[in-house]
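Asks: Questions regarding the structure given below will be posed in turn.
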Amino acid sequence: MKLENNYHSLTNSVFDNVILILKSMLVGVCAGGITVLYRLVLGKGESFAFSLYDFVSGNLLWILLLIPVFGIVAYLIGKMVDYNPMISGSGIPQIEGILKGYFLKRKSWFSTLVCKFAGGAMGIAGGLSLGREGPSIQLGANVGEAIGNRLGNGRLEKKILIAGGASAGLAAAFNAPLAGVMFALEEIFKYFTPVILLSMMSAAVASDFISKQIFGMQPIFELPVIQSIPLSGYGYLILLGILLGVFGAIYNYVLLRTKDLYKSLSVPTWVKIWIPFLLAIVLGITMPQVLGGGHALFEEMNSDLVLTTMIVFLLVKFLFSVISFGSGIPGGIFFPLIVLGAGIGSVYAKAIISFLGVDPILFHNFIILAMAGYFTAIVRAPLTGIILVTEMTNSLAHLLSLTVVSLVAYAVADLLKSPPVYEALLDGMLDKEQGETKESGKRIVFEILVQHESMLANKMVKDISLPEGTLLVEIRRGEYRILPKGNTKIKEGDTISVLTDVNLECSVKEALEAQNQST
């Protein structure tokens, strides 16, 4: 029966596809509601943090009192992380792992949702440099999992609803529905079919509608861009892309080494989480601009700060962000890294305007471009970065220049062999999953899209190397569905459906993806 359901989810009718899209819309509405609530709570929490440090500043007694209070908060968060490790960090690697077939012994979606919500809110209320977007993606995916468990028709459909929830979470967190769709396809699913695309879009648009009802139509960042960068200035874009690629690689290296350093500490989880809280007390009194996700620091970029002061702010924000995230507290890096990118763009613009005579009217252009380039260098999702920044700034005037900067940043980070941050974080989590007991006696069907000039293209089915017990059960070519035989030839653009044991899902996918590379 399981096999029939799994296979049916790939060979459904037009009516079934419409039903799946409606389910995705339901996921979007529910995920949007949860994400909006989380966004509201975190907004209040960040305001509380600034008010708190403003109140205690200069009063030694209150400062000393904060130390044990934050120790209690860290203890509570640490106990939640120990109880449910899936809430640690941003949540994006966990969702990627679930969709790849890992973390089968995880706690329930409800436990993850409640603990993630509470832990993330407490971290932001303490002033830690964390983002809401990664947790919003995980919260949305939790909602998708809940609805998928109730209404999902087979494993693939459940995964689509989980990914739809992730798409909805990002859409509501940033007021960016297209970025939510692209992130789910580019970073989480890593391929798409028309049904998957429509499902992601349905969830993201429904979620964005809910978000805009509460927060309005205003973009996240409002930057006065008067004119586009002329083609004669594109040399500055290439240099900016190179710098962003280098700084992105440095960010990934420092973040991953910080995670390793925390792991090496032989202390309870709550003590590790206490460390950034103690640092937040110091910074909240001396440099409050670096607290929280980064809205306060972003506002500073539009002021007349001298270059050296901005560089100091960026360095402190960078270190505070990796120390906060590395502790394992629930919270993301999404927004802080975008703000860091904006800061790099601000410093770069100030420098070339002051020393190279670039027109000051282009100052904000470089901030926008650097946000996308830095995101691309770290996450390696260039389309998401371009679309996200476009939606966040509500401007279509930068598409060509955004693409140039993002491509250069991507290439430089790749040349430096810097791993995509979420893949590297997932690999670190999977080290703990070795020997995990998986489900037995169950079969699963998944899809692979045959890429342009793939090594699979023009091969006969009988010539494809598949592990024992694994079968190619369907080829979808446009509107046609083909029942494959040994001499059936695979073509570029085909979507092949593969049946295997659930325990072999990850290894079979990796083997086929290796064969699906361009020749």
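Every residue, even glycine, has its Cβ placed from backbone N, Cα and C.
Since this is a predicted model, take the numbers as computed values, not measurements.
Here TrEMBL flags 433-517 as domain 'RCK C-terminal'. Among the features that TrEMBL reports, transmembrane segment is placed at 20-40, 60-78, 160-185, 231-253, 273-298, 305-323, 329-349, 361-383, 395-413.
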Asks: Report yes or no: does the transmembrane segment (20-40) come within contact of the transmembrane segment (395-413), defined as 3 or more CB pairs under 8 Å with a sequence separation of 6 or more?
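Replies: Since fewer than 3 Cβ pairs under 8 Å link them, the transmembrane segment (20-40) and the transmembrane segment (395-413) do not come into contact.
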Asks: Hey, would you say the transmembrane segment (273-298) packs against the transmembrane segment (160-185), going by three or more CB pairs under 8 A that are 6+ residues apart?
Replies: no
Asks: Sort out the residues at least 6 away from either end of the transmembrane segment (60-78), same chain, that have Cβ-Cβ distances under 8 Å to it, and list them.
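Replies: Residues 52, 119, 122-123, 126, 268-274, 277-278, 280-281, 285, 329-330.
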Asks: Using a threshold of three or more Cβ pairs below 8 Å, and leaving out pairs closer than 6 in sequence, do the transmembrane segment (160-185) and the transmembrane segment (395-413) count as in contact?
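Replies: They do not touch: fewer than three Cβ pairs between the two stretches lie under 8 Å.
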Asks: Is it possible to list how many residues within the domain 'RCK C-terminal' (433-517) are helical, extended or coil according to DSSP?
Replies: 18 helix, 27 strand, 40 coil
Asks: Are there residues at least 6 beyond the ends of the transmembrane segment (305-323) whose Cβ is under 8 Å from a Cβ of it, and what are they?
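Replies: Here the qualifying positions are 129-130, 251, 254-255, 258, 275-276, 279-280, 283, 287, 289-290, 294, 297, 333, 336-337, 339-340, 343-344, 346-347, 350-351, 354.
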Asks: Which of 160-185, 329-349, 361-383 has the most Cβ pairs closer than 8 Å to the transmembrane segment (231-253)?
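Replies: Checked against 160-185, 329-349, 361-383; highest Cβ contact count belongs to 361-383.
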Asks: In the same chain, which residue numbers or ranges, 6 or more beyond the ends of the transmembrane segment (160-185), come under 8 angstroms Cβ to Cβ?
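Replies: The answer is 20, 23-24, 27-28, 31-32, 35-36, 39, 92, 95, 98-99, 132-133, 136-145, 147-148, 151-152, 191-192, 195-197, 199-208, 210-212, 215, 217-220, 381, 383-384, 387-388, 391-392.
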Asks: Determine the mean pLDDT over the domain 'RCK C-terminal' (433-517), rounding to the nearest whole number.
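Replies: A mean pLDDT of 79 is what the model gives the domain 'RCK C-terminal' (433-517).
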Asks: May I ask for the residues of the chain that lie six or more residues beyond the transmembrane segment (329-349) and have a Cβ under 8 Å from a Cβ within it?
Replies: 77, 80-81, 87-92, 115-116, 119-120, 123-124, 128-137, 221, 240, 243-244, 247, 251, 255, 273, 276, 293-295, 297-298, 301, 307, 310-311, 313-314, 317-318, 321, 358, 362-375, 378, 388-389, 392, 421
